[in-house]
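Q: Grabbed the feature section from Swiss-Prot, which reads as follows:
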type     : residues                    : note
ACT_SITE : His19                       : active site, proton acceptor
BINDING  : Tyr14, Tyr64, Asn66, Asn112 : tRNA binding site
SITE     : Asn9                        : site 'Discriminates between blocked and unblocked aminoacyl-tRNA'
SITE     : Asp91                       : site 'Stabilizes the basic form of H active site to accept a proton'
Amino acid sequence: MLMFVGLGNPGAKYARNRHNIGFMAVDEISRRHGFSPWRRRFQGETSEGTLDSERVILLKPTTYMNESGRAVQEAAGFFKLGVGDVTVFQDELELPPGKLRVKVGGGIAGHNGLRSISAHLGNDYRRVRLGIGHPGVKELVHGHVLSDFAKSEMPWVEALCQAVADNAGLLTGKRDSTFANKVHLALQAKGFLDKGDAGAA
């Protein structure tokens, strides 16, 4: 069994925020693969199903971003999952819109959701970093991540979440590079990434 965690803030006020692209990604995985209806538990919401014959639980912490680790720790403890069984889908300022990277371990790059998870679970979980772009200067970061995607951005956001969901089964077999390549190729085909943007790096 594996756990895929989408990061975000709960409630309609935050639903379309850039900071909530992790929620959007796991919502799409649940929808496209016929997972169970979301239900409240573990200080979050869960949906369960199967990807490539592997049982997967999706978790959206409802603790607010800064306390995400509490929900992840509670769910991981209940299912007896190790840190290596956890994959976190997060927004990433340092990647251009629509690009992603997959990495096990590493720093938190100022991301409060990752900081909380690392404090509660350790650092060696897998991160799927979903690019939202940087506003250009540090002072604008807070407002950038907590503002909604513009209407003009939604086509690439939806395409990214769909490609992540379509290829999520590759993550159950730790085929991270293949997953990243297939997602990037899907966005290229729709004109959201240039050909030079493909690849897992």
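The backbone N, Cα and C atoms fix where each Cβ goes, and this holds for glycine too.
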Q: Sorry to bug you, but what's the C-alpha spacing from Tyr14 (tRNA binding site) to Asp91 (site 'Stabilizes the basic form of H active site to accept a proton'), rounded to the closest Å?
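A: So the Cα of Tyr14 (tRNA binding site) lies 14 Å away from that of Asp91 (site 'Stabilizes the basic form of H active site to accept a proton').
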Q: In the same chain, outside Tyr14, Tyr64, Asn66, Asn112, whose C-beta lies within 8 angstroms of the Cβ mean position for the tRNA site?
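A: Nearby residues not in the site list: Asn9, His19, Thr63, Met65, Glu67, Ser68, Gly113.
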Q: By the DSSP assignment reduced to helix, strand and coil, which category contains Asp91 (site 'Stabilizes the basic form of H active site to accept a proton')?
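A: Going by the DSSP assignment, Asp91 (site 'Stabilizes the basic form of H active site to accept a proton') falls within a strand, counted as strand.
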Q: Let me know the largest Cα to Cα distance in Å among the tRNA-binding residues Tyr14, Tyr64, Asn66, Asn112, as an integer.
A: 16
Q: Quick check for you: of the recorded positions Asn9, Tyr64, Asn66, which have their Cα within 10 Å of the Cα of His19 (active site, proton acceptor)?
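A: Of everything listed, what lies within 10 Å of His19 (active site, proton acceptor) (Cα to Cα) is Asn9.
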Q: In sequence order, which residues at least six apart in the same chain have a CB under 8 Å from the CB of Asn66 (tRNA binding site)?
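A: Once residues fewer than 6 apart are set aside, Asn66 (tRNA binding site) is near Asn112, Gly113, Arg115, Ser116.
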Q: Would you count the other C-beta atoms found within 10 angstroms of the C-beta of Asp91 (site 'Stabilizes the basic form of H active site to accept a proton') for me?
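A: Its Cβ has 26 other Cβ atoms within 10 Å.
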Q: Quick one: among the recorded positions Asn9, Asn112, which has the most Cβ atoms sitting within 10 Å of its own Cβ?
A: Asn9
